[in-house]
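Asks: As listed in Swiss-Prot for this protein:
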- 20-33: compositional bias 'Low complexity' (COMPBIAS)
- 50-73: compositional bias 'Low complexity' (COMPBIAS)
- 81-104: compositional bias 'Low complexity' (COMPBIAS)
- 1: N-acetylmethionine (MOD_RES)
- 104: phosphoserine (MOD_RES)
- 124: phosphoserine (MOD_RES)
- 126: phosphoserine (MOD_RES)
- 136: phosphoserine (MOD_RES)
- 181: N6-acetyllysine (MOD_RES)
- 211: phosphoserine (MOD_RES)
- 260: N6-acetyllysine (MOD_RES)
- 336: N6-acetyllysine (MOD_RES)
- 1-130: region 'Disordered' (REGION)
- 96-385: region 'Sufficient for interaction with EIF3E' (REGION)
- 142-246: region 'Sufficient for interaction with EIF3J' (REGION)
- 304-342: repeat 'WD 1' (REPEAT)
- 344-389: repeat 'WD 2' (REPEAT)
- 393-431: repeat 'WD 3' (REPEAT)
- 532-573: repeat 'WD 4' (REPEAT)
């Protein structure tokens, strides 16, 4: 090793040979410290770039330690000692100077002197005469240069705020306090600058944060902040000005994107027999099928293995089928259920669609960081682009974001805060959240941009339910409540009524009393009616298209169901109460009027089919251990099922009519889930629907004929085949009759003018014969004979 160093730097070797070991260890000579790193850089970098090494073979070192490989293009390994000194002692500038000096010495040095020093012929490490050093500093000193100061350091922590009020010296201090209060919540402000002109501020300011991340946070959250009616802040990074100034003045025409034809995504609505579709997951989730609902037997449309890893979900209008995968969500649609879109979200577990089917919300507990929120992501379904990410609190309940009926707004509730966002910007409405101390729950109206929320009691302040109009944030109704334990918000499907179920503990009593506060939303000043019940409430449900609601109350085995009607005069009338019901859930038909009272799971699947027009029980049945009940979108059929997810045996789904008549029993191995495909809202007006109901008798004959055909034992294909055969026979018969009539004259000539086509043409040739049958009559007496 020592010989190799002497060959490369003979002067350094001579200087190190004279001092004693203590001096060499304590304070090396300057020449040695500079020369050795320089030689390292030249040998390791320049020779490698120069290509082939010295001409002719090279002799190995005499002592055997510092062997140099004579292979062309190869460089000797640097000594470990010098490597340590290069990394730990020599600065970048000294290393470059030493490399230059070593290169010049190698090029102009005396090769004979090197041979004498080494005592043998050693390889030459000098560069060729035409060698050009093209190794950049970034390649040689990347680890050192990465820490050098950058020009942008400090600048990318500066933001520019426009639309700031222009004030004089007397109000400048007050303005600074307001600005500091708004922008200091994003991070520590280290410097500010308020440009002035003619004794007044110019309307824009500069703020510097301690960190670029704080500046970026301020831009994201403060841009568009409304200070007052005349001033709305526009916030940008200072570095953005350079970016916008370097934009080319020449406009580049964007490439035209080819239109991707997805086909008719709502083809199933044009089905001739107006049948509905539903999805089925079975074999413990390994297989997924889509069926047409047919009275006789379900008709399979599509079946795939491992289509989803957990479960599936239809979009609100039935356009898309969502499947779950470890890496994200996929949407399918069209006649062949091709993939329409996919969204990458690792470990996704829950999803939610906006009512307009424009946006998709996904949740994953795996991906979330403080700087880049990924727990909840909102996607644009049409483009597949991520719109915004959000953090998720551990105590939140799904759906965390609740959508308005038209998809224009969505909101979330956190501690003492209600945040309302607007689309498509995904930003806060008016750039700020609502501060509502103690807010417990909220819900959107299905019929308008009205939000309802409730706040519990706080010392002497009563609990209250508030109705707020958006986007104006006007409170249209406030209802104060006392002695409140809990509240639940129940909207009627059209938004005509809001029921607030209030559990109270009246003073002087130990039990819990339930009040149903009914808000009549379509009337002036939103009047409220109250129904009080002292029994335990099991379930509550509004009629979807009507003004009735049902309540399950009591305790097993004395459970009752009560049906109420909200009249136009404001009175709430009890229509009917059924005692001794085995039910724990209420399922209204989507069209109203009919309801199924089901005792699911622990109540062994007891079913009661009720017509609320006259409050009669049409049928009582049972589907043992039923876990789910699903109405079809039209309200004609209802499915009860036993899911493998809740019960491991007798997994199947049964199809019933709305009257409670059982049509099918479909058993599937490890059946898991059945979901009807939703239908979009009808395009018909209420007047058109009324006219159709009036003319329904005209179509009844057609419907009855179709019903008879569908109830026939022969399949549809067999009936069609028979109809085709009958039509072919009629055509053949007509053709044969025409040929028969054409040949009549020929027959008359052959038979001497006698028309044998008629039976009475020749009466003389008739022969009459009488045939007698002998009949035996036997009388058998019935009963006892005395």
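Cβ coordinates are placed from backbone N, Cα and C, and glycine is handled just like the others.
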Asks: Checking distant contacts: for the repeat 'WD 4' (532-573), what same-chain residues at least six beyond its ends satisfy Cβ-Cβ under 8 A?
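Replies: Beyond its ends, the repeat 'WD 4' (532-573) has Cβ neighbours at 488, 490-494, 496-497, 499, 501, 511-516, 518, 520, 579-593, 595, 597, 612, 615.
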Asks: Taking just the CA atoms, what is the gap between residue 336 (N6-acetyllysine) and residue 181 (N6-acetyllysine) in Å?
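Replies: Approximately 58 Å lies between the Cα of residue 336 (N6-acetyllysine) and that of residue 181 (N6-acetyllysine).
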Asks: Apart from its near flanks, which chain residues at least 6 from the ends of the repeat 'WD 1' (304-342) lie with a Cβ under 8 angstroms of it?
Replies: 262-268, 279, 281, 285-290, 348-349, 351, 353-355, 357, 360, 362, 381-382, 384, 633, 672-673, 675-681
Asks: Roughly how many Å lie between the Cα atoms of residue 181 (N6-acetyllysine) and residue 211 (phosphoserine), rounded to a whole value?
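Replies: Per the Cα atoms, residue 181 (N6-acetyllysine) and residue 211 (phosphoserine) stand 18 Å apart.
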Asks: Reported as an integer number of Å, what is the Cα distance between residue 136 (phosphoserine) and residue 260 (N6-acetyllysine)?
Replies: 48
Asks: What is the Cβ neighbour count of residue 211 (phosphoserine) at a 10 Å cut-off, with all protein chains included?
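Replies: Within a 10 Å radius of the Cβ of residue 211 (phosphoserine) lie 13 other Cβ atoms.
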Asks: On average, what pLDDT score does this prediction assign to the repeat 'WD 3' (393-431)?
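Replies: Looking only at the repeat 'WD 3' (393-431), pLDDT averages out to 92.
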Asks: Quick one: of 181, 260, 336, which of the modified residues has the smallest count of other CB atoms within 10 A?
Replies: 260
Asks: Among all protein chains shown, how many Cβ atoms are found within 10 Å of the Cβ of residue 136 (phosphoserine), not counting that one?
Replies: 10
Asks: Return one of helix, strand or coil for residue 136 (phosphoserine), based on DSSP.
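Replies: SS state of residue 136 (phosphoserine) = coil.
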Asks: Determine how many residues of the repeat 'WD 2' (344-389) DSSP places in helix, in strand and in coil.
Replies: 0 helix, 19 strand, 27 coil
